[in-house]
Amino acid sequence: MNKYKRIFLVVMDSVGIGEAPDAEQFGDLGSDTIGHIAEHMNGLHMPNMVKLGLGNIREMKGISKVEKPLGYYTKMQEKSTGKDTMTGHWEIMGLYIDTPFQVFPEGFPKELLDELEEKTGRKIIGNKPASGTEILDELGQEQMETGSLIVYTSADSVLQIAAHEEVVPLDELYKICKIARELTLDEKYMVGRVIARPFVGEPGNFTRTPNRHDYALKPFGRTVMNELKDSDYDVIAIGKISDIYDGEGVTESLRTKSNMDGMDKVVDTLNMDFTGLSFLNLVDFDALFGHRRDPQGYGEALQEYDARLPEVFEKLKEDDLLLITADHGNDPVHHGTDHTREYVPLLAYSPSMKEGGQELPLRQTFADIGATVAENFGVKMPEYGTSFLNELKK
């Protein structure tokens, strides 16, 4: 008999809670995503996260301890050697990653692009982080006139290649992306995903077509999600979760346009009758505010998210468990534009916790979440991680 019929796992992308013990190795001494945002905002207003025990993990401006938190609380340390989205999420589901994925806030190295040009016979333009629509406005006409390839990246570990379908036929674009995929498996580059981004139209009126194709990496081993799916449990992936795991172990995928859309979708899954895992990633914190070093926007987004939690609390049943965490930090007042190596919060709540919660021991790996989910549903335990299921008292 499962202790919980449904587990709702929410990853607040990049919401770190202070430098990790090994932060110095990553150039991240002093990083503190929530703490610095709270300072910048002169106090964060997150009453619902506070009720769950956020301030009991650590007090910050506007975020204080409560005498009787509703849930269990602690923080988790990442064991893997990266600080990117894929590494964090893969570890959450029971894997240990010793080769970090790379992000390219300054664009890709010249030697990689030289090799790509040589192997494809086409010049490369762009080579910077950009929004897909903006880069077409900027370089689409040049791409059409010259037959070159627009290469760009984003805040994540991706290499995207855009070309007009009438200039570079789809088959050729896909071949080019396969070449890029091979080149970027090298540990120096280690790109999580290569994406073909074909477009059509005329200058000033370009549109991306549905012929996008992703060349992703599958997780380097079986995750708890694979075990759940193979045991006929539901695994509902919301937001970019399905992409992060390349669809592995996913039974249903719900795309989202924003954090608020993500919260709408999680409320939708709360209304569904299923047995298994609902897994949500809220990417806006990271993509719109962390990388752009916008502490004000980040703080407002955190408060907006917090204001949606009562809808979740209201619909949670006695045999549901809500787990809230993050996958890495991205301190918007830290130098540079990259993620930061931080502890992440962990909050666990169920309406069945009548006595409220208490502090859990510090987690030595994000994989403790995967182990807890696996133990709850009686599936094969991951190689890494220690379950805290029995510490959650009803």
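Backbone N, Cα and C atoms are what each Cβ position is placed from, and that goes for glycine too.
Binding of Mn(2+) 1 is attributed by Swiss-Prot to Asp327, His328, and within the candidate set Asp13, Asp22 the record adds Asp13 to that site. Cross-referencing His213, His335, His339 with the Mn(2+) 2 binding residues that Swiss-Prot gives (Asp286, His291) picks out His339. In this structure, His291 is the one among the binding-site residues His291, His328, His339 with the smallest number of other Cβ atoms inside 10 Å of its Cβ. Classification of Asp286 (Mn(2+) 2 binding site) by DSSP places it within a helix.
Spatially, by CA atoms, the binding-site residues Asp13, Asp327, His328 include one closest to Asp286 (Mn(2+) 2 binding site), and that is Asp13.
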